[in-house]
Amino acid sequence: MAKQIKGIAASDGVAIAKAYLLVEPDLSFDNESVTDTDAEVAKFNGALNKSKVELTKIRNNAEKQLGADKAAIFDAHLLVLEDPELIQPIEDKIKNESVNAAQALTDVSNQFITIFESMDNEYMAERAADIRDVSKRVLAHILGVELPNPSIVDESVVIIGNDLTPSDTAQLNKEYVQGFVTNIGGRTSHSAIMSRSLEIPAVVGTKSITEEVEAGDTIVVDGMTGDVLINPSDEVIAEYQEKRENFFKDKQELQKLRDAESVTADGHHVELAANIGTPNDLPGVIENGAEGIGLYRTEFLYMGRDQMPTEEEQFEAYKAVLEAMKGKRVVVRTLDIGGDKELPYLDLPEEMNPFLGYRAIRLCLDQPEIFRPQLRALLRASVFGKLNIMFPMVATIQEFRDAKALLEEERANLKNEGYEVADDIELGIMVEIPSTAALADIFAKEVDFFSIGTNDLIQYTMAADRMSERVSYLYQPYNPAILRLVKQVIEASHAEGKWTGMCGEMAGDQTAIPLLLGLGLDEFSMSATSILKARRLIRSLNESEMKELSERAVQCATSEEVVDLVEEYTKNA
């Protein structure tokens, strides 16, 4: 009998295939005490080592398939396996209480998970998920139980499961896995993000899919609407086959825009750039016709290792990106890291709210021994392309001045050492903090450009953690307050003959693009896979009409009014 279930649309596309149930393994165990505690500790450490080997393989495979920024989740998992704050209490529990390894692991990891989940904090929620995933793997090795392995699938299927861990998702074989559906998860969960990178249609958060589906059922997944159909009629299958064909045709049509200009119907040109994490992300940037790189996140150079990257290592990474972009602008964000990331070689304080604490430019100015090697590497690489440098989390004009002074010191040092340094490097800041937006006219006199980081600007302006379900309704990209701040920043930069870009998720949002175009945004930087859709939309719009739209939008009272207004202006685009 045909059924239809609604979930959260997580990754575009249509999948039609037989259901493959990802059965959760039996990880139950007896709570028996042990007499040989040394042997039990050895058993635990053996399971740890096997887990490290597995995760390293999965991480390397994920980097090849998805890029280093998506593989970074497994760097976090590997760090969990090295974390003495987790490992030592487990070993102590075995030795002091004669508890078996499985029970000790479960007790200690559950304590951490409970603590982290009780905090309304994005980082802590991710940390809890990391511990849960890693502990499950270690427990399976302790018990000698095999975890589900989606990579063994050898026929066209739709994966059905309670949830897909990052390691599950990274092992999906695109040749056979047509799509997946889960009980839990949201659009920003790790599995959803990875499914978009793999371009596998996905629907998450259905709550009950595993109870409704049996192995072998015919499943239709609509990753655009969040609809999941179980054993639909032949007529309905035919409709979705046509929808799938149209989806692929649309993708092919988009490819024709790869080398097209990002210009409105009335001749206004903007720049569409890509966000990247490492040089490994460059193929996607080039394939999707990016006109530059608007955000190069350098923190991935610092993660998944036990010592700070050397100046030479950083120089080679920056040089590779600049050379690959062949003279197109590359905007590099200096180190944006703090207490929310565990780096064993940095003595960072634990903070209740690391996103408002000791991080980014604050950390770099306080510890110039970390900052100077990065600045030197960037300056040395500057001769290999068109380099722009921006400082993150700048709250005051003095922070920008201090960062610029350090950079100029290192420029002078390098020239004295015989290095060549480009003399046309533009220096800018991320606008993520409301205080910076409020003083944009002051900053604009000294910086060369702004890049608006909307992910944080929205959170800080609305005082709402977007990962907290209870206040997620306040994470409103289209709120008139946000639009007014964006308008203020853009106008301040233009008054001084400077330019403004945007590198948050909002820059690639199909509802936001018409508004941003009307507000005068010069550069839109987004995930490489969003560029062609954004280009098509921009080419269908008139800048003059979008200016009128944005003028009306900033006078609205609510996000809903703004969305209705955008629909009114773009319905024929």
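Heads up, the Cβ atoms here are built off N, Cα and C, so glycines get one too.
The following features are taken from Swiss-Prot:
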type	residues	note
ACT_SITE	H190	active site, tele-phosphohistidine intermediate
BINDING	R297, R333, R466	substrate binding site
BINDING	E432, D456	Mg(2+) binding site
BINDING	N455, D456	phosphoenolpyruvate binding site
ACT_SITE	C503	active site, proton donor
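Annotated features taken from Swiss-Prot, shown on the structure.
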residue	record	Cβ contacts under 8 Å, 6 or more apart
H190	active site, tele-phosphohistidine intermediate	I73, A129, T165, P166, T169
R333	substrate binding site	L295, Y296, R297, T298, M390, F391, P392, M430, S451
E432	Mg(2+) binding site	P392, M393, I452, G453, N455, D456, L457, Y460
C503	active site, proton donor	N275, G294, L295, V331, M430, S451, I452, G453, S525, M526
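DSSP gives R333 (substrate binding site) a strand state. Cβ-based neighbour count (10 Å, all protein chains) for D456 (Mg(2+) binding site) stands at 21.
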